[in-house]
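Worksheet for the structure shown next.
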Amino acid sequence: MVKICCIGAGYVGGPTMAVIALKCPDVEVVVVDISAPRIEGWNSERLPIYEPGLDDVVRQCRGRNLFFSTDVERHVADAGIVFVSVNTPTKTRGLGAGKAADLTYWESAARIIADVSRSDKIVVEKSTVPVKTAEAIEKILAHNSKGGNIRYQILSNPEFLAEGTAIQDLFSPDRVLIGGRETPEGRAAVAALKSIYARWVPDDRIITTNLWSAELSKLAANAFLAQRISSVNAISALCEATGADVAEVANSIGKDSRIGPRFLSASVGFGGSCFQKDILNLVYICECYGLPEVANYWRQVIRINDYQKSRFVNRVVSSMFNTVAGKKVAVLGFAFKKDTGDTRETPAIDVCKGLVGDKAVVSIYDPQVTEEQVQRDLVMNKFDWDHPRHLQPMSPSSAKHVAVSWDAYEAARGAHAVCILTEWDEFRRLDYQRMYDAMHKPAFLFDGRNVVDPDKLRRIGFVVYSIGKPLDHWLRDMPAVA
């Protein structure tokens, strides 16, 4: 039996290994992690992450050929293929702080592999890593191996999953990318990994490249996607200034086959664990290779994203007579997108901090995010979310101006304004008349995801702001937003 071990039981490692186990019943797959609570979650009926369809896949395989364990060394030693899917957070101090990827956890995983291996292994980069990381890993393995003449082949197999559709993406991927050394041994390792994916992925969707192309492709893909979001968000600001409708503009340009319609929905900004982190990493790599103009180009994608979030907060404050001090503001949605409980780099964090900074009383409702997670996110330092939980700061004072409600109506009860920050489907179906009746007047609704019909809400009585849409007459009379 082929044995696969994955180091890291997070958003990538867990779902990916579960699907491999489902599609390859003759392959033993073990996911290992040093976090006992996380492994306990994977072995329970309530998985540690929310992803549509994941529960069913895990239930079919767990205990058969899919296992979750904290015994890292034993299972790494037994495996012929070792995936490494650990966090690569942005460095918070030292050389490259605020941009470069911190490879501490990757290096630690490589040293464990070297310490316990007694046979040849294929080591697969599943984490998003800087270009040339494989070269550094090769050196660590070569100089620290305890098992004699053990040979390692390093492959790059980046994930291209979208949270909320990860299982569907794994079942029917646009592509599977595998990069390896252009040597006989490297090509053999690529073929071995390709044979796993070929059980369910068509051959024309499995792309093989050299190592460096695969490593860079992941960073470039996320940069291109984030660029599209920042582009349409930049246009949304111009639409509000001119009376154009960003949805109509996006639909028009999306009909161009050279552009296409995806990732052209204006919003309060992008979030998630990858986009900002990977662009910052790309910026740092460009700077290191003496390409400042390229670095500045990609840095601007993040600047527009930050601008969009601050612009939204400024719009809320300026519309409500230039102050939200002491006013209750209901925030609907805290996850960075629908169909996930992931709050990493969610725009809601910056929006809530901006409102609290102006002394608002914020009431948050999200169907998949716990109160503990909300409070933790609001006191966490930038980039700390990608480190182990015991290294993340937590302060009781975080609860002072923020509450978490059990449903949307409770969050909005007695509020002066509602802000929609995640495009959950249930927010499209809410009884907004009921919500309006329970709010202070004038009642404001700021739609950061364009999920509601502004004209319908205006007929109810709301003062409505929708990203990139023609402004309500009330808002047109307010001072311009910087």
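Glycine is no exception: its Cβ is also placed from the backbone N, Cα and C atoms.
For reference, TrEMBL has these:
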BINDING   8-13, Asp33, Arg38, 86-90, 127-128, Glu163, 274-277, Arg344  NAD(+) binding site
ACT_SITE  Cys274  active site, nucleophile
DOMAIN    330-454  domain 'UDP-glucose/GDP-mannose dehydrogenase C-terminal'
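Contacts of Tyr11 (NAD(+) binding site) defined by a Cβ separation under 8 A and a same-chain sequence distance of 6+ are given as Ile49, Glu51, Leu161, Glu163, Ala166, Ser273, Asp342, in order along the sequence. For the pair formed by Asn87 (NAD(+) binding site) and Cys274 (active site, nucleophile), distance between Cα atoms is given as 11 Å, rounded to the nearest Å.
Distance from the CA of the residue listed as 'active site, nucleophile' to the CA of Asp33 (NAD(+) binding site) is 21 Å.
For Thr90 (NAD(+) binding site) paired with the residue listed as 'active site, nucleophile', the C-alpha to C-alpha distance reads 10 Å. Counting every protein chain shown, the number of other Cβ atoms lying within 10 Å of the Cβ of Asp33 (NAD(+) binding site) is 24.
Remark: Cys274 (active site, nucleophile) has Thr128, Asn222 as non-local neighbours, by Cβ distance under 8 Å and separation of at least 6 in sequence. Averaged across the domain 'UDP-glucose/GDP-mannose dehydrogenase C-terminal' (330-454), pLDDT for the predicted model comes to 89.
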